[in-house]
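Asks: Mind looking over this structure? Questions follow.
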Amino acid sequence: MDAVYIVAAKRTPIGKLNGAFASLSAAELGGQLIQAMLADTQLAPDAVGEVIMGQVLTGGAGQNPARQAALKAGLPVSVPAMTVNKVCGAGQKSIHLAAQAIRCGDADCVIAGGQDSMTSAPHVIHGARAGIRMGDRTVKDSMITDGLWDAFHQVHMGVTAETLAQRYQITREEQDRFALRSQEKADAAIQSGRFDEEIVPVSIKTRQGDVVIERDEHPNPSTTIEGLGRLRPVFDAAGTITAGNSSGLNDGAAAVLVMSEARMKELGLTPLARIASYASAGVEPMDMGLGPVAASRRALDKAGWRASDLDVMEINEAFAAQAIAVNREMGWNEDIINLSGGAIALGHPLAGSGCRIVVTLLHEMVRRGAKKGLASLCIGGGQGVAICLER
């Protein structure tokens, strides 16, 4: 099978809900990101064969947000684009699809990634099209219904995390300490400039002129174990899941440039890594947090690797309880996971996260001279995705 490489990997800063990126759509975030990545690689826009971008929250976003991002980035109208929705895994599934397109001979250069603006998700009234003759109608938050709500058991994703916490007997203190460590690692990474190579500044037009955002908004370096302990459980009064030991509600985008070996050599580009394997897997919807277990095992098997072969990993932190449960099931080396913090500290812009963890993994592998890495995350509805990368 033909080798497929990632030659560039970038992301925007991650914004808070109603934060710095409140005035930007997901497509605008993706457009600025793609434009900057092309400029950084000095790749001609017409060299791109396709754009594949994940986006979960598409309500009110307009037709095909990936196409919007591509044209906002200055790509020719002749370059096709496709929007993918695999919930939180969408940004990584886009990379899988890019690799498949290249291996099939359908393309030799694909931009793949994910973008989401949780801030922009509209509130909706179901049934209003037929008219509301009498009585009230409930206004629903599409951010929750389309992004954070299990369609099979009709519960919030946080309830699935509570289920795992109970099953694996994960205490509140364990979760809070995990969350604190995520914040500490993220702060150390930010202070040392570790994210500088992967982040593309985002420009926002205001009446006072352009404002440029260069850093993640979500990390809270003042987090303490005492402060985390004072937070109330969100989903069950007797539970353990809090806002502090869960990922955030965020806006952001991430993308990679995927190429065939022949095209990469023709353009004289240096690879960040070879895509060794990738996999998707399904699990029981209430066990959605364990999706990375099934997907990672499948991806490792396809690559012919063992977990002990890995030098560094990025495993998305949807919830501390969920991440701890995955670590227990896999029994892998936790000291090489999320070395710059995870989604609890950095934030979780849904489709953006699936690619964000790949971007961060790639730059960490380059920095450490690592040979083998894996990125995986859970998916609402009961799935997981994983990708193995080799340098």
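Keep in mind that glycine also has a Cβ here, set from the backbone N, Cα and C atoms.
If you look up TrEMBL, you'll see Cys88 marked as active site, acyl-thioester intermediate. What TrEMBL records for His348, Cys378 is active site, proton acceptor. The annotation domain 'Thiolase N-terminal' is assigned in TrEMBL to 4-261. Per TrEMBL, domain 'Thiolase C-terminal' is recorded for 269-391.
Please go over these features one by one and say how buried each is and what sits next to it.
Replies: In sequence order, Val56, Asn316, Ala318, His348, Leu350, Ala351, Ser353, Gly354, Leu377, Cys378, Ile379, Gly380 are the residues near Cys88 (active site, acyl-thioester intermediate), counting only same-chain partners six or more apart with C-beta under 8 A. DSSP assigns Cys88 (active site, acyl-thioester intermediate) to a strand.
Of all Cβ atoms in the shown protein chains, 27 besides its own fall within 10 Å of the Cβ of His348 (active site, proton acceptor).
According to DSSP, Cys378 (active site, proton acceptor) is assigned to a strand segment.
Regional average pLDDT for the domain 'Thiolase C-terminal' (269-391) in the model is 99.
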Asks: I'd like the Cβ neighbour count for Cys378 (active site, proton acceptor), meaning other Cβ atoms within 10 Å of its Cβ, all protein chains included.
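Replies: Step by step: centre on the Cβ of Cys378 (active site, proton acceptor), count other Cβ atoms within 10 Å, giving 34.
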